[in-house]
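Data block below; observations after.
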Ligand SMILES: NC(=O)C1=CN([C@@H]2O[C@H](COP(=O)(O)OP(=O)(O)OC[C@H]3O[C@@H](n4cnc5c(N)ncnc54)[C@H](OP(=O)(O)O)[C@@H]3O)[C@@H](O)[C@H]2O)C=CC1
Ligand SMILES: O=C(O)C1=N[C@H](C(=O)O)C[C@H](O)C1
């Protein structure tokens, strides 16, 4: 199958990386070309399919990219993303960057890869979540001059293993709302006596329970009524399908920065 796209996965032994490997193997247009982990990973040298629970597929997990690939999909940690972004930029390999929890400086460093290679850097790859981003923008735009003011709070729920908070997706929802409505303060939880809530705030609430793969609710609270917009993931495959679609999209693009809205036809 010579015309298959060769995909590398960075963070191959992780929760997301394993599902990326499995769903690549189920897609006739794709082939897993490389499986990468950090240099200290206990998974180094193991078969990526065995680690993902589907039996051997002939791709060993490595810490360095030695094989040719067309696009890399990264679900790792900020340090892992920065390293692979440098490699992708140098070798002109398309990069689907899904890792969250980056500092602004780390984000800028990753973004420089788009000068030499096609790049997507998005906190959420799911179709439903990206559609919600459009709906939230529309709601924020329509409600911004509501008499009595509108209080926006963002509630997210994720599994107990998640390392960053609030989620990258929650922060992005907040950016969309602030862009439309002009809030200037981003408040993370409340305790003590914060006093009456100023309308210039967006509040974020990060719940960490069990094995939740990701839920986001954007609350638009007004005097007399409330709108809750909620999107829920059922399995991690919702993110993986988006990432695979993004990889196929990037393989046909020139160097530059692209968005999931471009990939999913939501513009
Ligand atoms: N954009 C999106 O749609 C989504 C984004 N995410 C984000 O993806 C990231 C990963 O999530 P998840 O799979 O749950 O996390 P995991 O911790 O399960 O997986 C991350 C993997 O990356 C590995 N890793 C750590 N450092 C490096 C490195 N330097 N190079 C390569 N690999 C490395 C980890 O190894 P070790 O355990 O040995 O450190 C681990 O196997 C998170 O930032 C999460 O928020 C998650 C879901 C959807
Ligand atoms: O860590 C996760 O699981 C997820 N992380 C992403 C985020 O931080 O927004 C996306 C999704 O919600 C799952």
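Even glycines carry a Cβ here, placed using N, Cα and C.
Here TrEMBL flags 7-125 as domain 'Dihydrodipicolinate reductase N-terminal'.
Around residue 13 (NAD(+) binding site), the same-chain residues at least 6 positions away in sequence with a Cβ under 8 Å from its Cβ are 37, 41, 43, 46, 48, 51, 61. Taken from TrEMBL, the feature NAD(+) binding site covers 11, 12, 13, 14, 15, 16, 37, 98, 99, 100, 122, 123, 124, 125.
Under the heading domain 'Dihydrodipicolinate reductase C-terminal', TrEMBL lists 129-264. Sorting the domain 'Dihydrodipicolinate reductase C-terminal' (129-264) by DSSP state (H, G, I as helix; E, B as strand; all else coil) yields 48 helix, 37 strand, 51 coil.
As annotated by TrEMBL, active site, proton donor/acceptor applies to 158. For residue 158 (active site, proton donor/acceptor), applying a Cβ distance below 8 Å and a minimum sequence separation of six or more within one chain yields 167, 206, 207, 208, 212, 213, 214, 215.
What TrEMBL records for 159, 168, 169 is (S)-2,3,4,5-tetrahydrodipicolinate binding site.
According to TrEMBL, the feature active site, proton donor maps to 162.
DSSP assigns residue 37 (NAD(+) binding site) to coil in the three-state reduction, placing it in neither a helix nor a strand. Listed in sequence order, the residues 100, 123, 124, 156, 158, 162, 164, 166, 167, 170, 214 complete the 8 Å Cβ shell around the (S)-2,3,4,5-tetrahydrodipicolinate site centroid, once 159, 168, 169 themselves are left out.
Distance between Cα atoms for residue 122 (NAD(+) binding site) and residue 169 ((S)-2,3,4,5-tetrahydrodipicolinate binding site): 8 Å, as a whole number. Using CA atoms as reference points, the recorded positions 162, 168, 169 were checked against residue 99 (NAD(+) binding site), and the closest is 168. Cβ neighbours of residue 162 (active site, proton donor) (same chain, under 8 Å, six or more residues apart in sequence): 208. Within 10 Å of residue 168 ((S)-2,3,4,5-tetrahydrodipicolinate binding site), as judged by C-alpha distances, the binding-site residues found are 124; the full candidate list was 11, 15, 124.
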